[in-house]
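Novice: For Tyr140, Lys178, the entry in Swiss-Prot reads active site, proton acceptor. Feature annotation from Swiss-Prot assigns NADP(+) binding site to 10-11, 31-32, Lys38, Lys53, 75-79, Asn92, Lys144, Val170, Lys178; the stated evidence is sequence analysis. Taken from Swiss-Prot, the feature substrate binding site applies to Asn169, Ser180, His187, Phe201, Glu202, Gly203, Ser204, Arg209, Tyr272, supported by sequence analysis.
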Amino acid sequence: MIIVTGGAGFIGSNIVKSLNDKGITDILVVDNLKDGTKFVNLVDLNIADYMDKEDFLIQIMAGEEFGDIEAVFHEGACSSTTEWDGKYMMDNNYQYSKELLHYCLERDIPFLYASSAATYGGRTSDFIESREYEKPLNVYGYSKFLFDEYVRQILPEASSQIVGFRYFNVYGPREGHKGSMASVAFHLNTQLNNGETPKLFEGSENFKRDFVYVGDVADVNLWFWENGVSGIFNLGTGRAESFQAVADAALAYHKKSDLEYIPFPEKLKGRYQAFTQADLTNLRAAGYDKPFKTVAEGVTEYMAWLNRDA
């Protein structure tokens with residue numbers, strides 16, 4: 001069996017899909033379906049069982065067994081960069097992850113988990129997986145950073161695989177439940193389908209992020225599991241592209257040209273990553289050599305998926 005926490009969420013459900021594509025269906029999805037919209041991410045997928053995340057944690061802490069577990073993909077977390085309840089964030093992202101990590105270590109179960117580029121904070125260069133480059137801007141980034149630091153202490157002595165992925169700006173299918181936290185591509189598509197003029201912040205040609213397609217993210221997760229490599233790795237494309245480029249790709253798909261530029265919100269100033277670009281040196285050195293989709297390629301594929309029933 002393979003366990004995917006956050007398996008009804010954005011990246012988790014895409015990992016489930018990639019496992020299904022390899023013929024793997026003996027999957028336990030762990031999540032919190034209090035948000036009644038997330039289930040749609042699983043409707044077209046095949047899994048063996050589902051468990052609520054609180055019930056799962058109780059069983060993990062009690063040392064209960066789940067049969068022969070081949071791997072744990074730990075994607076479950078509060079990923080809102082605007083959530084400022086520090087206790088909730090640390091319980092949900094840090095303590096939970098520690099419990100699950102130790103459960104896996106005691107049983108030699110490969111543990112692959114979601115870290116984040118938010119660990120780098122407001123940097124504009126040198127996004128490198130090393131302590132001197134890490135300075136998160138929000139409690140979400142701090143919770144991810146602290147768990148990475150915890151893993152770094154354990155890695156030298158670990159007898160089983162531990163690998164963390166610092167996700168950059170992930171976009172693509174199965175993110176609709178995220179609402180305001182969904183990608184710019186998702187929101188642009190919604191606006192265009194509603195007959196609205198799509199909106200970007202002023203200066204969007206200067207805001208550049210490493211936008212990585214979720215299908216590529218799932219591919220990297222599965223490659224590392226299949227190859228048993230441990231460590232903490234950036235997971236982006238290695239290219240910074242502008243929000244304007246995302247809009248251009250969405251407009252091209254919809255055969256539109258008009259854009260409206262809106263003022264940048266005061267509340268986000270100083271807490272907003274204006275530039276991200278993954279340094280892929282360590283990822284490539286680990287042996288992962290597949291190319292990543294460009295914004296033009298990924299957004300076009302995503303638009304086709306979003307509008308598949310249109």
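All positions are counted from 1 along the displayed chain.
Heads up, the Cβ atoms here are built off N, Cα and C, so glycines get one too.
Please situate the listed features within the shown structure.
Specialist: Cβ contacts within 10 Å of Tyr140 (active site, proton acceptor), excluding its own Cβ and spanning all protein chains shown: 24.
According to DSSP, Lys178 (active site, proton acceptor) is assigned to a helical segment.
Asp31 (NADP(+) binding site) falls within a strand segment according to DSSP. Around Asp31 (NADP(+) binding site), the C-beta neighbours below 8 angstroms that are at least 6 residues distant in the chain are Thr5, Gly6, Gly7, Ala8, Gly9, Gly12, Lys38, Tyr50, Asp52, Lys53, Gly76.
Around Glu202 (substrate binding site), the same-chain residues six or more apart in sequence whose CB sits under 8 Å from its CB are Tyr261, Ile262, Pro263, Phe264, listed in sequence order.
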Novice: So the record assigns Asn169, Ser180, His187, Phe201, Glu202, Gly203, Ser204, Arg209, Tyr272 to substrate. If I measure every Cα pair among those residues, what is the longest distance in angstrom, as a whole number?
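Specialist: That value is 20 Å for the farthest Cα pair.
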Novice: Check Tyr272 (substrate binding site) against DSSP and tell me helix, strand or coil, would you?
Specialist: coil
Novice: Looking at the recorded positions Tyr140, Asn169, His187, Ser204, Tyr272, which ones sit with their CA no more than 10 Å from the CA of Phe10 (NADP(+) binding site)?
Specialist: none
Novice: Taking the Cβ of Asn169 (substrate binding site) as the reference point, list residues of the same chain whose Cβ is under 8 angstroms away and which are at least six residues distant in sequence.
Specialist: Ala117, Ser183, Arg209, Asp210, Phe211, Val212, Gly236, Thr276
